[in-house]
Every structure is written in C-alpha cells, then in structure tokens.
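S.K.: From Swiss-Prot, here are the annotated features:
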{"type": "CROSSLNK", "residues": "Lys182", "note": "SUMO2 cross-link"}
{"type": "CROSSLNK", "residues": "Lys182", "note": "ubiquitin cross-link"}
{"type": "DOMAIN", "residues": "347-403", "note": "domain 'Tudor 2'"}
{"type": "DOMAIN", "residues": "727-800", "note": "domain 'Pre-SET'"}
{"type": "BINDING", "residues": "Cys735, Cys781, Cys787, Cys792", "note": "Zn(2+) 3 binding site"}
{"type": "CROSSLNK", "residues": "Lys867", "note": "ubiquitin cross-link"}
{"type": "CROSSLNK", "residues": "Lys1032", "note": "SUMO1 cross-link"}
{"type": "CROSSLNK", "residues": "Lys1032", "note": "SUMO2 cross-link"}
{"type": "CROSSLNK", "residues": "Lys1038", "note": "SUMO2 cross-link"}
{"type": "CROSSLNK", "residues": "Lys1069", "note": "SUMO2 cross-link"}
{"type": "CROSSLNK", "residues": "Lys1149", "note": "SUMO2 cross-link"}
{"type": "MOD_RES", "residues": "Lys1170", "note": "N6,N6-dimethyllysine"}
{"type": "MOD_RES", "residues": "Lys1178", "note": "N6,N6-dimethyllysine"}
Amino acid sequence: MSSLPGCIGLDAATATVESEEIAELQQAVVEELGISMEELRHFIDEELEKMDCVQQRKKQLAELETWVIQKESEVAHVDQLFDDASRAVTNCESLVKDFYSKLGLQYRDSSSEDESSRPTEIIEIPDEDDDVLSIDSGDAGSRTPKDQKLREAMAALRKSAQDVQKFMDAVNKKSSSQDLHKGTLSQMSGELSKDGDLIVSMRILGKKRTKTWHKGTLIAIQTVGPGKKYKVKFDNKGKSLLSGNHIAYDYHPPADKLYVGSRVVAKYKDGNQVWLYAGIVAETPNVKNKLRFLIFFDDGYASYVTQSELYPICRPLKKTWEDIEDISCRDFIEEYVTAYPNRPMVLLKSGQLIKTEWEGTWWKSRVEEVDGSLVRILFLDDKRCEWIYRGSTRLEPMFSMKTSSASALEKKQGQLRTRPNMGAVRSKGPVVQYTQDLTGTGTQFKPVEPPQPTAPPAPPFPPAPPLSPQAGDSDLESQLAQSRKQVAKKSTSFRPGSVGSGHSSPTSPALSENVSGGKPGINQTYRSPLGSTASAPAPSALPAPPAPPVFHGMLERAPAEPSYRAPMEKLFYLPHVCSYTCLSRVRPMRNEQYRGKNPLLVPLLYDFRRMTARRRVNRKMGFHVIYKTPCGLCLRTMQEIERYLFETGCDFLFLEMFCLDPYVLVDRKFQPYKPFYYILDITYGKEDVPLSCVNEIDTTPPPQVAYSKERIPGKGVFINTGPEFLVGCDCKDGCRDKSKCACHQLTIQATACTPGGQINPNSGYQYKRLEECLPTGVYECNKRCKCDPNMCTNRLVQHGLQVRLQLFKTQNKGWGIRCLDDIAKGSFVCIYAGKILTDDFADKEGLEMGDEYFANLDHIESVENFKEGYESDAPCSSDSSGVDLKDQEDGNSGTEDPEESNDDSSDDNFCKDEDFSTSSVWRSYATRRQTRGQKENGLSETTSKDSHPPDLGPPHIPVPPSIPVGGCNPPSSEETPKNKVASWLSCNSVSEGGFADSDSHSSFKTNEGGEGRAGGSRMEAEKASTSGLGIKDEGDIKQAKKEDTDDRNKMSVVTESSRNYGYNPSPVKPEGLRRPPSKTSMHQSRRLMASAQSNPDDVLTLSSSTESEGESGTSRKPTAGQTSATAVDSDDIQTISSGSEGDDFEDKKNMTGPMKRQVAVKSTRGFALKSTHGIAIKSTNMASVDKGESAPVRKNTRQFYDGEESCYIIDAKLEGNLGRYLNHSCSPNLFVQNVFVDTHDLRFPWVAFFASKRIRAGTELTWDYNYEVGSVEGKELLCCCGAIECRGRLL
C-alpha cells in the first residue's frame, strides 16, 4: 500500500510534463505560423466546410435526421391507431355485455359454435360451386318469430366479436391465436386439427388437376391409411383432398433453407399472365445469376425467379424428383440433382451459330443472349425465339457429348482398354464445360426433409489432385498408391465434340501431337549458326557436360542479359543486284555466335533493321513491318525475304527468324522476379537452346527426369529409319516450288484423305510456319533428299528447339513452361519426346507407375475416322454449330489482338443487363401459354392469336389436316427442300467407300443391318401424332411437298403436339407412358455407287415414330426401286430419332460387353471431325444392303502392319523432353501436328507443338489434354486453367 501514493505522484508528474510539452509545442506552432491556435482551428474548420465530402456527409446526415423524424411520426401514428382500436374493442365488449344483461343472458368468452342449442350438419356439394349449407336438424315449429330474430341478432354480434378478436390477435402477435379456431368444422367431424406446423384454417397453396397451384385455406386434416390427406378450400371456388407433397406454405422461405433439389412452387410469367407451378431448385443465388434461383419446372421449362416468388412444399418426397409425372423430365432432374455441382453446360456467347433441336429436327439458330445458365436462341428459319437451359441436349454440343460415350463404347468393343476418342480442335465455338460450385455457397441435394439438411456441399476441389502431371512427383506417387487401379493420362489432341473450322485449307485446324520416333542410336541433325550441318550423337555418346550453376537462395532477379540497342546510323540503299557479297561484312566468323538468343532478334544482331510503319486505311490505323537489309534493301513481304536469303546465300539466317506481325516484339524480354531456385539449363546442353528453370514460389527443385530430346523405342518397338523406307526429293531451289518437291507433294496429296477428297495445294509450311493443323500430317525433307538442309524451306521440326523457354513453378498446376520472348503465330515450339511403348506394355506400366504422361500415336485411326466422317460428336461446318459470326468478321482486321477480344461469354458475363427486373426474369416460350391454357380449360383446340408473345414471330395458324401433325417440315425458308437436295447432290462426288458433303465435311455409312437411322434426343408428342412423314409411294411424297410449299409461309408448325422444353428435350406422351432410352444409338449410312442415278425428288426425312414397336427411329421401308431415306440440307435441317435403343447396338453390346476404362491416354490427333449424328440421309436404292452380310468389311490400315490392332504409346514419365511439362488449358495457345521426319511409317510420326496464336513473352504455353470427362471410372480431375472457356473438368 505504501507504493500507491508514489505511483499516483508519478502519474501526476508525468501528466504535468506532458501538458507542458503540449503547451510548448503549441507556442512553437503559433510563433512559426504567426497565428493563434484559435485562428488556426477556425481556418481548419472553414477549409473542412468547403470540402465536397464533408458537405456530402452533412447532407446525408440531414436526410437521415429527416428520415428518422418521419419514421418517428409513423410510429406515433401506428400507436395512435392501436390505441383507438383497443378503445373501440373495449367499447364494443362493454356494449355487448350490456346487451346481454338486458336480455338476461350471461356473456362468456367462448366460441359461438359452443353456444348453439341445436346441432348442425354440413352438406358438401362436390362441384365447382362448392358452397356449405347449414341445415338445422331440430323442430322449426317450436320456435317463435321473436326468438328467431333474437338468435339472428346474437349470431351477428358473435361474428362481430370474433372479427374484432382476430384483429387484436394479429396486432399483438399472440402465439395463442390459433386456439380461437379450434371450434371449427374439423372438431365437429372428429378430424385432426394440427399436423406438425400445419394447422387447420391456415393459409396454404394447393395443386389442382390442371397442374397449376392456387391459394386457399386448409379446412381439414384426415388420416388415410399410413399417411395424411389435407382438404383445401381454394379461394377461387372448389375443394380438393391433397397429399402433403401437393400443398405448399403461403410464405417465402429464407434463402439458406433452399438447396439444389428443393421442391418449391414458383411463379412463372407468360406475357401478362402469372402462373404458379411446381419445380425443383436448380441453382441457388450467386453473383453470376444476379442472386436469383434457377427453377426447373415439372413440364420441362426453366426460369430464373427471385426469393419473393417461391413457396416451399409442405411435405416433399425424400427423392424430390419422384414427384414429377413426366418420366423423361424426372430422369433429367434425377441425373442433374445427383451429379450437382458437376453440371455440363454449353459455353456460349452472343452471335454464335449453333444447331438446336425442335420437334425432332436440328435447326440452324443463333445465340441472342446469355443469362446465367439460360440462353436465348433465335431460330433463323422462322425468327422464333426461345430460352433454353445451357445443359439441355437440345443444343447440339450437349447432344454430341451425351452420345459420344455410346459411340465410343460401340467402337471400342474388344479392346483391352478403352481410351478417350479425341480428335477435334478447340476454337471459339460452343464447347461443353463442367461448372463447379467453387464458391462453396451452393448446397447440394439432400434426400431428407428440407429444414434439416444433412449432406454438406462437396468440397470444390479434391484434397490434392494435381491438375496436370507437373503438380509434383511426390504428390502424384502418393495418389497413385491410394488408387492404383484408377489412373488417368493427358491427351495430346482435342476432343471431337468441340468445334473448329479451317481458314485456308479444306481441313479444320486442330491440336494434334504425335511423338517423333527414332532409335537411341539415331542421330538428329541441327543447324549451327554458321550454317553447317552437325550431327548430334546419341545420349550415351555425349560426354557429361559440366553442371550449370544452381542458385538456392533468394535472388533479386535471375541473371539478366544486356538489352538490345538498335544502331543509330541510317542505312542507305544504292541500286544494285543483291548477291553473296551483300552480307559479307556481317557473316559470322565463329560458330554458335548467338546461340541462346531470341531467334527473332538474331537478324537484328546481324545488322538487319526491323521497322514498324503506320498508315490509315478506311479510317482505321494499320501497322506493317519492314525489314531493311545491311545493303539498304527494304523487304516488305515474306516472299521478298525468302528471295533475298537465297540470292545472298544466307545460311546463318533462316525464314523462321523473320516476322512481319507488328504486334510481335523482338526485344520484349521476360525477367522472373526474386527466384528461390534457379538453374541455367536443365537439359545440360542437350538442346540447342538452354532451358532455364525458375522457382519463384518455394525452394522445391524440378522432378528428376532423364532428359532426352529424341524418342526412344521401348521393348518390342522397331522403327525403320532406313533410307529405303523414305521418299526423297532432288530440289536445288530450297524446295520453294511445291509442285516439284516430292516431299511437299506427299503432304499435298495426303490432303485428299479428307472428306470431299479435295487436294489443298497450299498445305504444309508457309514460310517456315504452320498456320493451322494439317490432319493428314506434314512430310518434311529427310536424309535421302538432295536439298540443302540449311536452305530448305521444308525442314523445321527436325532442327529442334529454337525459341527460348523456361521451366517455372506455377501456383496450382505444378511445373509449367513459359516463353521468354514473343512467339509469332504458326511458329514451331517443341516436340513431345519420350519412350515408345506397345499397347499391352503401356497398360501394365500405366496401372503400376501411372499414366499421366501417356500419349497415343493414333495418326492412322484419326485420319481414317476423319475421312469417313466417322465421329458422331464433331463440329459442324462453318454455317452450323459453333461458328462465331463476330470472330469471322473481325478475325482478319489485324488491329486488335484476337486473344484479348472475349466478350459476352457465359463465364465472364453471365448477365448482360445491369438493371434487371422481375419482368426480365420470365422467359416467353412459344407454346407455353397454349398448352397450359388447354390444361386449364380441358380443351384441345389450337392456340389463339393473343396467346403468344409479340416477339415470337408471325402468328401460328392451325395445321391443315392433310399434313401430319408433328412432322419434320422445316419452317419458312427461301429455298425449297427439292432445290436444296438437288444442289446438295450436285456438289458431292461419288465414291465407293462413302460419300462426303463438301460443305459440311461429313460423310455417312450404313450400319450392318442396312437401315439408315438417325439417332438423337428423345421427343414428346402430347397428343397422338407422329414426328415424321410415313409416306409409301412417290405420289405421296410429291403431294406432301406441294402442301408443304404452299403452307410454308403461313405456318410455323406450332400445334397442341409441339412443346418446347427449356432443359429436357425428351418427354413422352401422357397416355401410355414408357421410359425413353437412356442412351442414343447413333448410326450412319454409306452411299453406294447406285446413288448417282437416284432421283433427287425421292426424299424422305428420317424421323422416329412415337409408337415404334420393334424399330427405333426408322422410317417405313420403301418398296423395291424406291428409297429408304433422304436428306434435306445436312447443315440446315437434321432429323433425330427418339425411339428406344437400337437393336443393333444392343446386340453388339450383349455380344462383347463393355470394357471398363482404367487409364486415359492422350491422342495425337489434331483435327475436328464432322458430326454425322442426327443426319438426314440421301435416298438411294438400298436393296443391295438390306442384309448386313452383303456389305464388304473394310480392313483397317494398321492391320497391314503384320496384323497390328493397337496404336503405340509415348511415355514421358521417366525419360522425355520439355514437352512433358506443358500444362493443360481449355483455351490453349499451342496446337499439335503430326510430322514425318526420319521415317514414313505412318505409325511413328513426330509430335510437334506449334503456336496457334501470337504469344506474349512470359505467357505460359499450354495445350488441350482433351481428356474425356468420365472416361476413368471413379476418378475426377478439376480444371484450374482459368480460361473464359474453361470446361471445369478434365476427367
């Protein structure tokens, strides 16, 4: 205690010192500024008053005070009303009591029903005028007129007292308000008055027989069997006894109580009418859908609604989809809810062309708007708009993806391992993406009662699955130990389900990659800077080079190199003839002078000048590049540069070192910042250009891999690289004339193996660059050729790595490759090298050690399938699915970087309208109001004129009875089907193996049974109708065509049988419900030689019969001499089948049985394969192919190689080059090309990567692994590429 006064004194002294210091400081400020503290405060206050933010805050404060005063006045007003009501009730009670006392009666606070002296009976009239009559069962003759009047007056008073009491209960919010209603009709009949939170007389919603929901009052709860029934009296007359899953609460549930799969009743606006329908919650609110709920209604429509437009179902079923009557809709909902959040949807943006199914036919349509998970489709033929769920199989990319698994299963029968079928290029067209609930806010379906969800949402990412094989060998090995039997590998090509179209050649560009083949002892030629050809010995013969410096500490920067400084002196041109002496002063004196430099910078180091000029053309500023030679000559085109190099005999500069793209900078360097780990060259001199390694995240070193830039044949693999197995040229001009070069001609002639058989004379390298993928491969000059290896324009991949790359550690994808300099479009980057294995050995090794670095050498299969139009899930031609009109128009402008122009995609801009309202939420469908109106009124008449929104195009009129309802007649068009078919036949050539559509790049073949069938999505007809034309003879055909032509401009085939489904295209007929097929059997038809003489007028549309008994999706067989099927324009209208699974497919399935996939392998295909599903087939005499045995069996090309049946595999796990580190991207900047260098064996091409676009320095190099999602059972691999077109999943 003695220390306490000392502490207090110390504090007081400290305070005194501080106050003195403050006073001194204030005095110093006053002396320095020359004003007093009061003046300074006044000056500061004035300055603050002048500030806009202060004035704004004061204004807001004044508004807040005004608002508070207003609210206080409103509260006072409400209190006054409450007091007045209380006084009125008190006065009323006093008046009632006085009146009772005058009558000699005793007043009690009880129900009026208890006071009744006579029992009453309730008579229910079960009609629409459901009125309740109360009939007295006593003797009416014993009453006097006076007593009758008194009783009527007392009943009126009691009713008034009850109304007042109800009002008081509502104001005071008494919890016991329901006790006043126990004396209701349910008590009199001995029924339940309460069932959980359901209480008699409460307001609820009930479902009527018209499938619509209406508000009403719960009047009774009855026990029926093991469950309960609820009697509802609707406000708009009528009563119904309903189950618990057919009534809903009359309040809006909180957002946290709703999850994906919740059963709700939601509002649906159709024009000016509002309906209440039951549905399933498909999306919970998030930023992308503008905080709205996506509802899948029971009848197949989808719509976004707000929380205030939802009502929860009282007693939903455990599996909510079982409450849906439509079987196909129920199947779709079950699949959707159980798979959530993995939702495959088509990635779309405004302006794209896509094929959409309607009434069993594929129509050309355009994307008008994308709103979250919905897309507004405009049908180009009749200008009709419709909102469709982006995951609906009515969209061709989704339909192709769904049918690809069935097609792959049929094609892969008998193999030891089923591999993904990947062969299409990824472009800006529609692709199927797998969305993930990455935010974790959405809740998955819980098969329990809604108030207590038990299943938490699935984590957005697996604990530690590397998204690419570069995620670290240690992590990969630990995962392989856990799942030794389920492994997956990248694919070096692109999926056929994607969309791509070529620009300069008849084949579409693609990303294909094949590994180069060569023995360990085979030497690889490369160019030295002096131009001499050197021979790189085998890895075993190379002496061990000294280890490069390795840094393991934090550095400010990686070792920097001096920047290039352009010379200041000008070059003047004097007229002369360029020759060898023009470059004499810059020819290098020593070997490898500029090795490791940016190849685009090397010409400048030899005194070339690269100048960029500008000029305005059509009000647009354009740029172009000019090279100025050391002798002063200006070179403006690649042709001039090529001529100059040959005239001067320049063997130290090459065509790939020059670039005329003004947006490619030759001196833009990328410098890593503060690396933790740095290696100068991880190849230890094995590559011509050093490959540095940088880790800017941690100190983890790269995996230990034996580096080899050559392919290494494994056990049982023999690659014939002898000169006798090669075709060589004898060119003396550097192979510039493709018509005279034998190697160039191999490349050109191989393009005839494409649909249509068109030869592209410009195929191959164009000035040492490849603008797009060539599906049939590139044949480079080889060691048998007599051309100069340094001057030859047909040698590129064999020269090895030229661009400067760097291995670096990514944030979430392991190790990756990035470029240190800009790379021009079409430039060669690197190859994919590794150990070549047989199929059987790869199966064994993949299951034991992992398959993440496997790549298929399937060049033979890809070209054969491409030639036949074999793939069922490939893109359509340029005027069909997946073409972006905006990209086509702006693709060649040259004034904007194409990779930066991504707008209005369904990922980055789900919702275009910022100021949305509830009116924009509702989707107007073409036949929505019509079908529902018929349900309401019980009529089967056609739609009235005002039952369609005004933006749906011309009004629909009834279909003439002569035309079958639900037929596949196209909407109005300028061309008739006859003209289309005639022009279509005239532009196609006849071949024995099949026929190809030169416009769509598709071809057809018949199945074994000889029946031309078109598979597709399933379709519903509400009334008994067929979806195709069953015409027996030619007269019927012509008559139907004539009627179709006459009525085409007047009708749009929208009748009671046509229903457009927002998310599910395949409901069945209400009468005689049967389960539709779960898969679609895709069959194609091959045209025979006799088709050349077929009559173009004999055209039938392949369609399915809704009443098929033994056949599925086949039209009626014609008689001899007639046709079995025809085609309208295959790019304009395609008919799909909706029957059950094909018998052929079932037979094949049962014969061999599906083989479960255990490993996923990359495919080295690099092109898009035309879709042939859902095709309409040209008519021909099919009598010769009615029996499957009459069709010849075609032998696979690979079987000519000693009967081989499986392709070879490249494994780069333990030994390979830098290609193994290239990561995946759904929007890659590299594509893959098969190149034949040291052998012309079709089984062993080199797999080369080329730039698909200009690439800025520092950008990671990626390509599309193209795994087939779901190809490996039980394995899921998410994608984190970050691209706008990201598909969400790899496996």
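Note that Cβ sites are derived from N, Cα and C of the backbone, with glycine treated the same way.
How buried are the listed features, and what sits near them?
M.R.: For the domain 'Pre-SET' (727-800), the model's pLDDT averages out at 92.
Secondary structure from DSSP puts Cys735 (Zn(2+) 3 binding site) in coil.
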S.K.: Within a 10 Å radius around the Cβ, which one of these binding-site residues has the most neighbouring Cβ atoms: Cys735, Cys781, Cys787?
M.R.: Cys781
S.K.: Any same-chain residues 6+ apart from Cys792 (Zn(2+) 3 binding site) with CB under 8 Å of its CB? Would you list them in sequence order, or say none?
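M.R.: Expected: Cys731, Gly734, Cys735, Cys781, Cys785.
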S.K.: Could you give me the DSSP helix, strand and coil counts for the domain 'Pre-SET' (727-800)?
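M.R.: Helix, strand and coil residues of the domain 'Pre-SET' (727-800) number 15 helix, 2 strand, 57 coil.
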S.K.: Which numbers of helix, strand and coil residues does DSSP report for the domain 'Tudor 2' (347-403)?
M.R.: 8 helix, 33 strand, 16 coil
S.K.: What is the set of residues, excluding Cys735, Cys781, Cys787, Cys792, whose C-beta falls within 8 angstroms of the centroid of the C-beta atoms at the Zn(2+) 3 site?
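M.R.: Leaving out the recorded residues gives Cys729, Cys731, Gly734, Cys741, Cys743, Cys785, Asp788, Pro789, Met791, Thr793, Asn794, Arg795.
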